[in-house]
């Protein structure tokens, strides 16, 4: 049974790679885009302080290297794309292909597809981030403590649990909303605004600061910058681990619930194959 | 052994406003080739989707080889091979082999066993030359073969074929039909439920046929039994160019029912009467005023005649 | 004129069936600048930056990015509205009828451009209201007229780009990916979100992008209180780019439209 499901997850992942590679220009673009996307944020920082060192940032967080600071923030946020787009759009894509009914008629539980798309999307995003880091490093040089890499990966892993929960919710919502991209855009925009991607929590107005404390991405971004460049954070690491596990639990539960409800709804209304 | 057992199945859409399946009960034995015949919108596809766990019914019960489709949906899915209508049920950007490999994994086949089974299916379906071709480059008929191969990968007991020859050219349709009858039913002993709105297909293939009309099963029997439902052994058939006024024929004394098939500018009238020879002269006389008669003669009733006789609806 | 009007009416009606999309374009472009504002606060520690002023003439980075966001609404309209328009028609299945109709494609595009212009102006104005309300941005009425003039110059060039893109999507049957990349590229190479002068490469490339001149001119009026006659250089550059972009747009569109008619691939998805 387990072997069957693992094979199915792997098959889902491989299938997605193959389909993506068949649209070669898009595939290549997916690796270049994150670099183009993050550059304005870096250049804006440089324009603001007239170099790469900000005394004010150093005073706030303990390190003034704005380039590393911004890049690390946006790298972590890249995984938000996994939830909002990669995973969130996978079932919708099957609707477009026309294959969704055929795959849903196969004898595997729905969570197997979700796990398959999560795997693929995380690997793809990981690859994009890898290339992003290399290029930005070649352009500007990023400085970080190598000893922080392992604990950072652990935090990213924990943060991903909650993001997968979100991804499940988006994947299900995209099945029933004609303009499903709006759901992804809104979720992405809101989380991007309240997560301290390129600034510490202390510059946010009080109410946003409180909302930010409920975002898994907040602990991801700040925790990783803490490990990699010594950012002072408002929580202890065990606290961050606990919070990420808690958010993960809540979001996955929520995602599964929404997913099952919508799955039931489309099977009642007969709209599964529609798009 | 009973393969499919449907009891009082009901499925509505749009908050009950559209009744797609209206209290259908049906039993299909293991090894049987059963055809659901009906026009578009009769509820055939909805019924197939309920059987394959893709739709949740509003009421009634379905058992596949004794398993409840709602409570044991994973078990049921393992027993079913599904071919739905429409061309886009495969990944067009993947090759034939890659498509089958992916679906094999979903059905619990992997490693050497999967590979062997896929190659076997590719051979059975005569797709060897197209093995590494992307599905988007195949013809409609070829795609249908791939879809059939996919449905057979896990060697299911039951095949649900929703309009398996829809949109195929006549030659390919024949190939697929022969495969269904000879290979799937006779050789592999599969239970098959197929839907169609081609009466020749149902007549040629099926052991038993269910007439579906407006969500209900209007009749269910072997093709021969169904044809016997028409009271007369012979029908009067007249072919002509042009479009006659049907009522002119209907009110001739002795005419019981008229089926009119129009194809381009050609019309075929099939007239039921206890005395076909006796009414022939009057019929021809009335038709001659409006159309050019091409030919006439006596024939035996087809399933389409029976369908119209029983449901009052035409198949196409 | 009737074609333009009917195209306008149709687009407006379709827009109104997606209320969520309307709300989205009203609010979110402004939301996207919020991270820039906090980033400024964290890096500078004040509302004005000397380094920023050395590059742009004004140290006030908040109004700088807000103006960028409002003006970028027109960029979205050109890319998503016009560039994507034919892709959408093809998705609805109505493209073949549109291309096959005896109406001049130019007028159809003009109708689309006009309705897009109206909607984006509505979006831009509501974003501005948000900005005034949220961030206390100040605007004097006398500045509105020259800004509208600059905007209309900008629109010509952007819609030229959109029309070219619409032609391209007829050929390659895909638009979202390209549009996404294009807006990322425009974000990088024009001073929407940051002063491109900070890097020699971005500064050079930005010279060929109409958004650069429009943004310099609009910010000049709003933030530096420059009188209009001092912005002649920017206006002339914008006008030249208008001509270039419109010519390029229509040329590309016509060439590619003819090509798909020859190869018979209009209705394909």
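Placement of Cβ uses the backbone N, Cα and C atoms for every residue, glycine included.
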Annotated transmembrane segment segment (source TrEMBL; candidates A:126-144, A:221-239): A:126-144
Which listed span TrEMBL calls transmembrane segment, if the choices are A:89-108, A:189-208: A:189-208
Feature contact check the transmembrane segment (A:189-208) with the transmembrane segment (A:126-144), CB under 8 Å, 3 or more pairs: no
Range from A:27-46, A:66-87, A:150-177 with the greatest count of C-beta pairs under 8 A to the transmembrane segment (A:189-208): A:66-87
